[in-house]
Structure formats: structure tokens, C-alpha cells
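A.B. asks: What follows is a structure written as C-alpha cells; I'll ask about it next.
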């Protein structure tokens, strides 16, 4: 299996799917989006068509097109493009996995099906194995997010012996606040053979202390630069500085959570900070209110998080 020599590590932006005001995918801005992540945020890995990308609100055809555009625009700019291929049925997941391999993606990830749910570890692994087999040469990651799937199988239980059953398994995106479960995953990963990517942005420093090898999150789209500074401080064993960065990031996330924070609000914040129009979410999600956007902007300013191109004196400039 021709897996990349460099493991997936560091920050991975869970990308937004840009849309027009009438709900169609806005493909022309994806190239600009890639450049913004790399040049302004220092983020060179992406996770496409996940929760933040509204992957499960897109048609299979749209998911294929979105994946193709990110791979095309990211060529020679991004380090790794991981495509989420999870779906509610096996055949669609297999189709998307095979397509990801055909277009040159660097890896695939799969969420647990959440209508008809796996009742135990063996059933879930059987599903994951069949998806992975559709693209055996691609690194395979399990996307663990029990708060949305309702699948309560612990990640540390799943990891036990998984590579014997799924040879392409390379790690997991752990989007849960259960640090005991995550710590046990790290404890199993003695030889660091797996990428253990933490997915709760406001708890990242805690996960780094436990041994996270990287992170996948929505805030790295617009707070990647600040989070990278936290990673650098942590690597240099400057815990005081790392804590300072984490607390500032937490202040913002805590504030917007209290206002009501999700995919819709992430789109509004990314539009505000980057100047790239992300558009509204797709129904049933509702567009973020102007009040939310104004409050989020004020908080970003108070934390000095708005010093990015595309903004001038706090006001968004038109983007070409």
C-alpha cells in the first residue's frame, strides 16, 4: 500500500462548502479559499465534506464535485486532502471512497451510520472494512463523533486490533469531549502508528498533553494562525504561552457557543474574517442572524483576531 511518507499531523481545517445565496455550491471561490488557508492561516491539510462542510446535506454528485475541486485547487499547495465519504448506506460510501482514490485524494474518513446504527464494535468494524476495501490504497480514518451519530462505541475499544481487520486504517478524528476515552487511544498507540486527530477545538491543548498528533476542526479555517502559535509554544515546552493562546481561543468559542454556534455561524464568521463569501447553509439549517455576526465580530476585535487581509478597519472589503 502506497501510503504517504508523512503522517497526517498538525492542523487540519474542516472545510466549509461555499454556497450561493440560492443554495448552489459556489465552486469558483474554492481556489481563493485554498490560498487563504495556506497563506493567511498556515494550514495545509483539509478535511472535506465533513460536518462543517455539510457533506450529508449534499447529493452524491455534489460531494464528488466538491471533492474534485478541492483536490484540483489544492494540488502543489496543500499537503493532504482527506475526503469524508461517510453516508447512511454502504453502497454510497463505497462509491465515494472509490471516487476519492480516482481523483488523487490523500485519504478517506468515514462516520458511523446513524439511522440504522451499529450495535457493537464488530458490526461497526464490518461496515468500515467494506468501505475501506473500496479504496485499499488510501489511508483510512474513522470519524468518531458520538454526539451527532448516537453511536456510543468507545474509540479505544474500536482501535483494539482494528488494523488486523482494516489494513489501510491510519487513525481517527476524535470529535468528543471524553478525554478518558481519547487518553486510552493514545495509550494503545505505543508505536505512534496511528494519527490521533483531536476534533474539539476548545480542548486541543488538553489533548496535546495526552498525546494528540494533530487536530481537525472548523475554527482552524479562521483561527489557524493563532492555533499554530499555540502548537509551536507547546512544542517548545512553553506551557505558559500555550495556555495563553488556548484561553484566548476559548474565550471566543465560549462566547459564540452561548449565542448559538454551529455550521451556519461558522460560515458567517469565515465570511467575516476571510472576506470570501461562504453563503448560507443548506436547509434545514438556517442562516446566521445579523445580530450573531455583529456580536461575533465585536468579540473577534476585542481579542485582536481580526488582523487579516480582506478586512480594513474592521470592515470587509470586496473580494474579486
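Every residue, even glycine, has its Cβ placed from backbone N, Cα and C.
Source: prediction; values computed, not measured.
So Swiss-Prot lists the following for this protein:
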{"type": "BINDING", "residues": "51, 52, 175, 199, 201, 202, 218", "note": "aceneuramate binding site"}
{"type": "ACT_SITE", "residues": "143", "note": "active site, proton donor"}
{"type": "ACT_SITE", "residues": "173", "note": "active site, schiff-base intermediate with substrate"}
A.B. asks: In the structure shown, with every protein chain counted, which of the binding-site residues 201, 202 has the densest set of Cβ atoms within 10 angstroms of its Cβ?
C.D. replies: 201
A.B. asks: Helix, strand or coil at residue 173 (active site, schiff-base intermediate with substrate), per DSSP?
C.D. replies: strand
A.B. asks: If you measure from the C-alpha of residue 143 (active site, proton donor), which of the recorded positions 52, 173, 201, 202, 218 fall inside 10 Å?
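C.D. replies: 173, listed in sequence order.
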A.B. asks: Please report how many Å separate the Cα atom of residue 52 (aceneuramate binding site) from that of residue 173 (active site, schiff-base intermediate with substrate), as a whole number.
C.D. replies: 13
A.B. asks: For aceneuramate, what surrounds 51, 52, 175, 199, 201, 202, 218 with a Cβ no more than 8 Å from their Cβ centroid?
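C.D. replies: Surrounding the site, in chain order, are 14, 200, 216, 217, 219.
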A.B. asks: Of all the binding-site residues given, namely 51, 199, 201, 202, 218, which is spatially nearest to residue 173 (active site, schiff-base intermediate with substrate) at the Cα level?
C.D. replies: 199
A.B. asks: What does DSSP call residue 201 (aceneuramate binding site) in the simple three-state scheme?
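C.D. replies: Helix, per DSSP.
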A.B. asks: Record lists 51, 52, 175, 199, 201, 202, 218 as binding aceneuramate; longest Cα-Cα distance in Å?
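C.D. replies: That value is 17 Å for the farthest Cα pair.
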A.B. asks: Out of 51, 52, 218, which of these binding-site residues shows the lowest number of other CB atoms within 10 Å of its CB?
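C.D. replies: Per-residue Cβ counts within 10 Å for the binding-site residues 51, 52, 218 bottom out at 51.
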